[in-house]
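These features come from TrEMBL:
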type	residues	note
TRANSMEM	B:6-29	transmembrane segment
TRANSMEM	B:41-60	transmembrane segment
TRANSMEM	B:66-84	transmembrane segment
TRANSMEM	B:96-114	transmembrane segment
TRANSMEM	B:141-163	transmembrane segment
TRANSMEM	B:192-213	transmembrane segment
TRANSMEM	B:244-263	transmembrane segment
TRANSMEM	B:269-288	transmembrane segment
Amino acid sequence: MSTARESTAIAVETIGMTKRFGAFAALDDVSIKIEAGGFHALLGENGAGKSTLVKCVMGFYAPTSGSVLVDGREAAIAGPKAAQAQGLGMVYQHFTLVPSLTGAENLVIARADVPRVIDWRSERAALAAFMAGMPFRLDLDRPVAELSAGEKQKLEIVKQLYLKARFLILDEPTSVLTPAEAEEVLGLLRGMTDAGALTVLMISHKFREVETFARSFSVLRRGRLAGGGTVGAVSRDDMAAMMMGERQVRTVAARSGTPDPDRTVLHLTGVTATDPSGLRHIAIETLRVQAREIVGIAGVSGNGQKELADVLGGQIRATGGRVVVAGAPYAGTRSESRSRRVRFIPEEPLRNACAPLMSVSENIGFRAFDRRRDDPEGRPALWLDKGGLRRRAHDLIARFGVKTASAEAPISTLSGGNVQRAVLARELTDPVDLLIVVNPCFGLDFAAVADIRSLIVAARNGGTAVLLISEDLDEILELSDRILVMSEGRLVYETPAAQAEVGVIGRHMAGHH
Amino acid sequence: MSQDLGLWTVPLAVLGGAIRVSTPFLFVSLGETITERAGRINLGLEGTLVFGAMAAYATAVVTGSPWAGVAVAGLAGAGFGLLHGAICSLARVNDVAVGIALMLFGSGLAFFLGKPFIQPSAPPLPAIPFGFWSDLPQVQAALRVNVLFLVGAVLSVALWWAFRNTKAGLVIRVAGDSAEAARAMGYDVTKVRVLATMAGGFLAGIGGAYLSLYYPGSWNEGISSGQGLMAVALVIFARWNPLACFGAALLFGGAGALGPALQSVGVSSGYYLFYAAPYVLTLALLVATSSPDRALAGAPGELGLSR
């Protein structure tokens, strides 16, 4: 296993890459050159064409025009297999590992030359030798479904290196890692590029990461190359300006007023629960959220945040303890959430809080359709007031700035930011005493993020108790009055936001406490 | 002699019945395991089973060779699998609906084509008398094991091994658990699923051959009594594990033999209730192994009604 082929990085260049979907140009004449052994960052808002570009390079899409040069020679890449044969590999944002297979099975089956009958004894020996040269320690005998998100991410990277990728594309690789893990992973990859073994193209939103690890960068905006250069030669503000273009960005509304210590809206004591796979357990000793307070729960993905949210939303049953909202036990039923004015916005709202094929107008009406007028206490309505619902939807679409072709368009046709706006329009119109939100800005562009955070802060300023569960530490730091850290199913650290130290929070997120 | 054995005839008959009755369950459930592991549900295996029974019987009558019947039944089953797989590969087609359609189609076609073969008798499949050491006819009867049962037992071990140790086995699991991952690796998910459905149909067809050529050993329209459908439930109970399929098939076979066994020792009242044992067992097991709080462990990720 020591040919020159696998130990040298390759240069990749796109020339005039263009991809049209009908009349819409997702990618318009983009030429980027990445030197062998380079570490290149690709910046841009959501929908700027970053993933379209890398999918064209990887052969997922056939570009409308333009070509890819690998080591200076034009390469016809017809699909992921062909890309793999050229030494190109990509780590996707959503995992491509097979959940029920073990790590070892995932690695072996991904290889192009799997023998008909797998000799596990020799494969295992080869894997052990390979892993000895890898920067990460991983248990390859466990099914991938049992791994944490961070472990999966590492396994994805290991898989690409196992497949002898010499050019590696990373799509927002650190979104599921702790700050320390991100540092470790990117540092090791940077080391490999410095040694000339690998070329890296990283899609990222995080300037700090780009400045620390990348050597050069390009910015895409609306499918066009908006700029680029050497990292360090361009200021953060200039990079942001390249991404955003000439556009006013709303800043997050400031918090005003202080939490009301006399009104504890949400109070959990001794809550335990287990997720449907039976693998993850949570044990929350105590958690309080007061009126006019945002409590942020930080943590690395897969440390029990989802299970906590599912208990509060009524998706899974708590096996013990008490959830109390406004002085009475709460199990997340519709009548309870209505009478206690609790609103729950799960992560990935299109999947978890919408009926994707129903219209925007209908989705906005989910809270209001079964009662008369807008009266939360009103008698249930038997017949739908279609006209009323439509008027209400039109009003909310305008007020919350939901961009949609029409109120009757299926909500799945909207961009992520507009789906979230529509969901917030539905949930925040009536008076709300308790708002539980999970990863509200995941995968949204800057403008949408600012909008949505402003709405959450405005609700808090109006007296709502907000429980914000987020994997984005910056979001937690920006919005919270009080910060809790969740690790391995427990709340392990608490600090007022004013005294929060990122390093301390990061250590607790990583489980060092 | 049977008086000497007394109540011992019941467990003995249940054991014999388990071996005799379980074979179709075993073949259909192994076939369905392959199909479901690849991400498709084929409910049409009941129809495939009945058609396989007819095809095997007719072939054996015409050629005089029961093994030719088994081969034809398997091929016919693979044909049904191909049909199911191909139709399900079209956009916006639901595999459960297609399965139900093919179940009715397979049974109906078998009745139509099989009419002339109800009367003639076909040569049966050979059995091996493992009970030769005993003088008791009950023991000898219970231990007459058909060759296909042994083939099925070996097959379940072989499949269990193949799902872990062969490329084909891993590719099937990948296709069934994450179509996206399979595509990213450059495998043709549709092709894998069509082939897996064909393999499933092939085995179900052989299960049908056992019905008509060994036990009960004749061809008529009531030959299957829903065993193909029960075998699909059995796959879920066995958690898509071929070894567990073998155990589950024996269990279902034993339950099926309970009614006749009790009748033979003179239990004259309520034995019809025991004829329902396999069906009650199906329901009871599915309820007992379900949970409102736990996801089904081992379920292939691509199975579902929502595609």
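Heads up, the Cβ atoms here are built off N, Cα and C, so glycines get one too.
Contact count against the transmembrane segment (B:96-114) (Cβ pairs under 8 Å) is highest for B:41-60, out of B:6-29, B:41-60, B:66-84, B:192-213, B:269-288.
Most Cβ pairs under 8 A with the transmembrane segment (B:66-84) among the ranges B:6-29, B:141-163, B:192-213, B:269-288 are made by B:192-213.
Contact between the transmembrane segment (B:192-213) and the transmembrane segment (B:141-163) holds: at least three of their C-beta pairs are under 8 Å, each pair 6 or more apart in sequence. Tallying C-beta pairs under 8 angstroms between the transmembrane segment (B:141-163) and each of B:6-29, B:41-60, B:269-288 places B:6-29 first.
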